[in-house]
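These notes concern the structure reproduced below.
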């Protein structure tokens with residue numbers, strides 16, 4: 001058969017990295033990215049891009065760990081290259097602190113990040129409200145430059161990008177052999193996924209160049225993540241809220257909570273408020289499906305529903321989605337061969 005045409009729907013970090021993995025693993029494919037929004041207008045542009053995994057209750061732990069490890073290894077190599085600053089990727093050290101000792105003192109990802117250890121008594125003196133903490137070094141992705149870097153890589157491998165609003169995956173069946181659904185929260189409408197729900201996140205991006213270490217409260221609600229140019233302060237987790245309007249009360253709450261962890265933030269300048277909807281479900285939807293109408297079949301690979309943890313596992317899930325696309329291509333080639341016989 002001729003070179004299979006693959007459409008990837010969605011241009012956030014999941015869509016772009018999935019398209020890149022497909023182009024790398026199936027060089028005979030013709031890959032297109034279709035999305036109604038590209039950077040800087042995606043949900044991924046708002047994300048903090050911190051590699052600290054969130055747990056998916058419906059996904060086996062060894063699978064989550066594999067996704068995280070593959071992503072960490074991939075980004076670590078970029079952070080050690082001449083492209084690190086263009087890609088917006090750097091190492092950052094800091095602390096995760098708890099008011100009470102957690103049940104799990106060693107999270108599943110502790111041997112993937114660098115130098116993971118319990119905090120010393122002296123370090124804990126910085127956080128008088130907290131009784132236990134973990135110190136480690138991880139990777140931070142400044143999301144807008146990373147998305148632009150991914151787009152540049154895609155163009156270099158011959159992947160084309162088109163601004164297009166896809167209302168129904170089936171509308172692509174006459175143009176493409178395989179469709180990959182990386183629509184994020186858009187999948188709620190696109191494929192009618194009732195298990196997918198928004199978790200509204202509001203964050204502040206501030207100028208505070210003296211803040212060099214990340215600080216994360218173990219409850220995951222309050223965090224300070226220094227990037228290359230700005231510090232991300234968070235946050236909120238509001239289930240089933242579709243509002244993209246900033247909430248002034250939440251802004252004040254975030255700022256006050258972050259200042260209680262790092263009082264020097266009172267001097268932060270140029271505070272910008274950002275809101276995004278995390279595409280959340282019990283587990284990432286990463287699977288093959290065949291749509292059919294009137295005897296015509298359209299192979300689809302789904303890769304969405306990463307919630308707050310998309311950056312931590314994006315490369316791992318993209319590799320898996322690319323492998324599933326490879327299975328679809330093999331099945332198509334098998335059926336076209338049988339048709340010839």
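Just so it is clear, glycine is given a Cβ too, placed from its N, Cα and C backbone atoms.
Whatever TrEMBL says is automated annotation, not expert-curated.
Record features, source TrEMBL:
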{"type": "SIGNAL", "residues": "1-19", "note": "signal peptide"}
{"type": "DOMAIN", "residues": "5-324", "note": "domain 'FAD dependent oxidoreductase'"}
{"type": "BINDING", "residues": "43, 44, 166", "note": "FAD binding site"}
{"type": "BINDING", "residues": "223, 278", "note": "D-dopa binding site"}
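Sequence-remote contacts of a segment are chain residues at least 6 beyond its ends whose Cβ falls under 8 Å from one of its Cβ atoms, and for the signal peptide (1-19) they are 26, 28-35, 37-39, 42-44, 47, 143, 146-147, 150-151, 154, 159, 161, 166, 169, 172, 175-184, 186, 190, 303-304, 306, 310-311, 314-315, 317-318, 321-322, 325, 329, 332-333, 336.
Counting neighbouring Cβ atoms within 10 Å of each of the binding-site residues (43, 44), the lowest count belongs to 43. Sequence-distant contacts of residue 223 (D-dopa binding site), defined as residues of its own chain at least six apart whose C-beta falls under 8 angstroms from its C-beta, comprise 48, 50, 214, 215, 216, 217, 232, 233, 234, 235, 258. Cβ environment of residue 278 (D-dopa binding site): 43, 185, 198, 199, 200, 201, 237, 306, 307, 308, 310 lie under 8 Å away, each six or more residues apart in the same chain. All protein chains considered, the CB of residue 166 (FAD binding site) has 19 other CB atoms within 10 Å. Restricting the average to the domain 'FAD dependent oxidoreductase' (5-324) gives a pLDDT of 96.
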